[in-house]
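**Q** The following feature annotations were taken from TrEMBL:
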- 27-51: transmembrane segment (TRANSMEM)
- 41-290: domain 'G-protein coupled receptors family 1 profile' (DOMAIN)
- 60-81: transmembrane segment (TRANSMEM)
- 101-120: transmembrane segment (TRANSMEM)
- 132-155: transmembrane segment (TRANSMEM)
- 197-226: transmembrane segment (TRANSMEM)
- 238-261: transmembrane segment (TRANSMEM)
- 273-292: transmembrane segment (TRANSMEM)
Amino acid sequence: HSMQNKTSVTEFILLGFSSNPSLRLCLFGIFSVLYSATLMGNALVFVLVCLDYRLHSPMYFFLCHLSIVDICYASNNVPYMLRNLLGRGRTISFAGCGTQIHLYLIFALTECVLLAVMSYDRYVAICHPLRYALIMNWRVCLALAAVSWAFGFLFGTLQASLALHLPFCGPYEVDHFFCEILAVLKMACTDTTANKVLIFAVCVCFLLFPLALILISYLHILATILHIRSAAEWHKTFSTCGSHLTVVGLFYGNAIFMYMGPGSGNSSGKEKVLSLFYSLISPSLNPLIYSLRNKQVKEALLNLQRRKRVFHSM
């Protein structure tokens with residue numbers, strides 16, 4: 001019977017947000033602006049880093065990867081959500097839902113590792129400046145980026161495939177604006193304890209462990225900063241690390257609250273708001289927090305504008 005149920009699922013209904021048309025239109029406007037900002041901001045960071053040789057350093061190399069993750073992450077969930085808000089159809093095929101779960105997990109887990117890698121890069125730059133070029137050579141950077149993506153892909157695929165092989169029972173309604181794994185597990189006709197244990201284990205590896213590494217890195221950085229005499233140097237270090245810590249705090253804090261907090265997976269209203277943070281707010285803020293406040297990036301942006309003007313005047 002359960003096999004029959006399982007094969008009969010061809011599509012799910014995404015319940016999305018409010019049923020109030022005017023509120024949905026208002027949300028559509030806000031989310032469209034945020035989504036555009038995410039795409040433009042992250043694409044701009046990527047282009048600047050590629051074009052300006054002064055930004056060819058490990059810190060910006062990892063920032064490029066973060067921008068790619070953020071663009072992919074937002075594009076996986078947001079277009080469906082915007083379509084839903086316009087009332088252009090709330091259904092998603094079983095394959096489409098599976099793809100969303102899979103990509104969402106890959107990008108989220110990759111970002112968890114990338115943020116830890118970026119804090120290690122800052123730690124080496126500030127605590128071991130003379131050996132920085134030696135420790136963070138290009139081979140190491142490429143290996144760290146590859147490991148981030150490989151871990152994300154491996155564990156994302158494992159979780160998604162286990163969730164999608166469950167038998168599902170109707171009504172096939174996902175109480176969310178995209179196919180989020182906890183919301184989909186609620187429709188399973190069978191015991192999902194094994195899936196939830198795996199989610200918890202992955203959270204320990206990808207949230208608690210990297211967060212501990214990040215905090216250790218920052219404690220070392222703080223100890224080093226306190227010995228810096230120059231106020232300008234102090235301010236520069238503090239602003240770079242402060243912006244990274246802001247993103248880290250929001251990203252990991254939200255994820256831990258959502259997947260490891262008491263009663264996680266029960267309150268769908270809370271989950272939708274937290275997921276919005278991941279899908280839209282964090283990706284749109286990252287370019288601003290990391291790069292566009294940065295002096296080198298501002299100079300690269302001015303250079304690009306100058307080159308554009310020269311090109312047009314030719």
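Glycine too: its Cβ is placed from the backbone N, Cα and C atoms.
TrEMBL annotations: computationally assigned, not manually curated.
Owing to the predicted nature of the structure, the values given are computational and were not obtained by experimental measurement.
If you look at the structure here, what lies around each of the features I listed?
**A** Sequence-distant contacts of the transmembrane segment (60-81), counting only residues of its own chain at least 6 positions beyond either end whose CB sits under 8 Å from a CB of the stretch, comprise 14, 16, 31, 35, 38-39, 42-43, 45-46, 49-50, 92, 100, 103-104, 107-108, 110-111, 114-115, 117-118, 121, 141, 144-145, 148-149, 177-178, 275, 278-280, 282-284, 286-287, 290-291.
Counting same-chain residues at least six beyond the ends of the transmembrane segment (132-155), those with a Cβ under 8 angstroms from any Cβ of the stretch are 58, 61-62, 65, 105-114, 117, 120-121, 124-125, 202, 205-206.
Counting only same-chain residues 6+ beyond the ends of the transmembrane segment (238-261), those with a CB under 8 A from a CB of the stretch are 108, 111-112, 115, 118-119, 122, 126, 182, 199-200, 203, 207-208, 210-211, 214, 218, 221, 225, 270-271, 274-275, 277-278, 282, 285-286, 289-290, 293-294.
Sequence-distant neighbours of the transmembrane segment (273-292) (same chain, 6+ residues past either end, Cβ-Cβ under 8 Å): 31, 34-35, 37-38, 41-42, 44-45, 48, 63, 66-67, 70-71, 73-74, 77-78, 81, 108, 176-178, 180, 243-244, 246-247, 250-251, 254-255, 257-258, 298, 301.
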**Q** Could you tell me the mean pLDDT over the domain 'G-protein coupled receptors family 1 profile' (41-290), as a whole number?
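**A** The predicted confidence over the domain 'G-protein coupled receptors family 1 profile' (41-290), as a mean pLDDT, is 88.
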